[in-house]
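As structure tokens, the structure follows; a few thoughts come after it.
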């Protein structure tokens, strides 16, 4: 069946890819020799682990990666094929695809989960393959050429149950089966973060656990008519390289916390134990303001269509001391600002474990996409009772250039470009610390005891006491296991709402250095404008109903931002001016501190109560209402798609040891060729870890 040209165009890699270099040299040079060695070895571990992302994205991503590692390692490739085999433009299209692929560590966008295909035709790429006539190139081209270009309906997006593909699951499994196995896992307190689930035969399933070790015997369990086999050794070749390089970092740890953290990482990745990984996070949160900050593992569940399994990521970074001082002040005043959030103190943890909050310059972020900020650990039991860390990734946030901004008024263009970086730093800071770092979950322990005073804590939405039977997380349940695929968009919405709710606060603005009233007002105005515009742009990440399949949001943050746009529109602080080919966001600055803050606060309170009380049914109803895309917004979506711009990809530095054992840092051009060069330098043609 032929694919409509409009569909093909939506999935073609853009001709121009915005490539930015993550500048880390200045911060790296300030490290001691020992710190540089520590950073280097963990960086190598992160990168080798990142090849797991290829297999977590699609079955063809691994062969595509190896195809490019071999193809672009060929000397004088461009002069060999241009202009005799392909044109300059066609070769540039190939570079754009390869850079986008490397930037996403797979052939599906990390932000949006939709497949992208080369703009250079398959026939022309075949001519390049024929010309170089390399055995490895031919081998990997044979393994990936069909799927690389396929836009069959089933493979256009990530998903399950016939609505996309996912390598976290076998193609023959249903959501009902996944849910049943999840109930088994909850009953045994087995974390899904480092697992995949494959159906072997009727009522027979392999639960794969990621581990370097393959010697742990398979154990079979019977559960409600299912046979569930727990099989260790998933991603064993990749994790063996991770473990080997983490061991090399051990002699260069700065303190006991780092040593113990590394040992627990090694134990976890070798054995597959999530409990060991939890212990690594306990040591990590105790390692306050290290010169080299790092974390590694199966962390975020955004890309699991079911919402519980973690994607590999690892980062290494250096502290930006000047910006970290601002975040430190935010942390020091946490008690004051948490009390300003729109819920009763009984919905807040009894003790706020003051987190480490630093601004970092990223040396390495090895995964499918780089965030602007992070709040870890993601383990609820650690975050709720022991603490967490916040980081803002300064050189990621700062990687932008002045440009014409779509969907805002001409009168806002100059202000938006001038203040968007500062406004975004403010939003990220509040989002991570007071968003992800706030709130309490009402839970039940193994003995049936709850963590609140029965009869005294009132649900503000019902004005009745919290029910210790129905409004709590049962023992073994977690936020992710209860909220599943809704968990990420709901939590991102809650954190984003905290950011915009508190950003007009004078005291917070002063902490960030915005003491001039006019500039302070402009900063929070731009912050709210960024959010309103993001709600419009979010429509790019919505797939409308098609051939019986329901509409689907493909990105948690963007679903959250559309939800917030709905809140803005309902309150009247935002209006949309629509024409045949454009839509303009108009935000009433005079209403932000009054009507706007109240509307966001009321909505935020609902999110917090639903999260605290494990109320998944009310949450589904709320999100169905606030993120429904009607005919009016489907028309706006067409405008958004016509004006969409590709997301930036980041070229990262490479570290290596010279003949004297010193760490050297190599930078690359901020171009598609620079992105390719960085990956060829980093990995070469080593495919020994590919399954």
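Just so it is clear, glycine is given a Cβ too, placed from its N, Cα and C backbone atoms.
As annotated by Swiss-Prot, Zn(2+) binding site applies to 431, 436, 492, with the evidence given as similarity to another entry. Around residue 431 (Zn(2+) binding site), the C-beta neighbours below 8 angstroms that are at least 6 residues distant in the chain are 373, 495, 496, 498, 499.
For residue 432 (active site), the count of additional Cβ atoms within 10 Å of its Cβ stands at 28 [all protein chains shown]. In the three-state DSSP assignment, the secondary structure recorded for residue 432 (active site) is helix. If you look up Swiss-Prot, you'll see 432 marked as active site, on the strength of similarity to another entry.
Report note: the Zn(2+) site is defined by 431, 436, 492, and the residues of the same chain whose CB lies within 8 Å of the CB centroid of those residues, excluding them, are 373, 375, 432, 435, 491, 494, 495, 496, 498, 499. The C-beta environment of residue 436 (Zn(2+) binding site), restricted to residues of the same chain at least 6 apart in sequence and closer than 8 Å, consists of 375, 388, 390, 491, 495.
The two recorded residues, residue 432 (active site) and residue 492 (Zn(2+) binding site), show a Cα separation of 10 Å.
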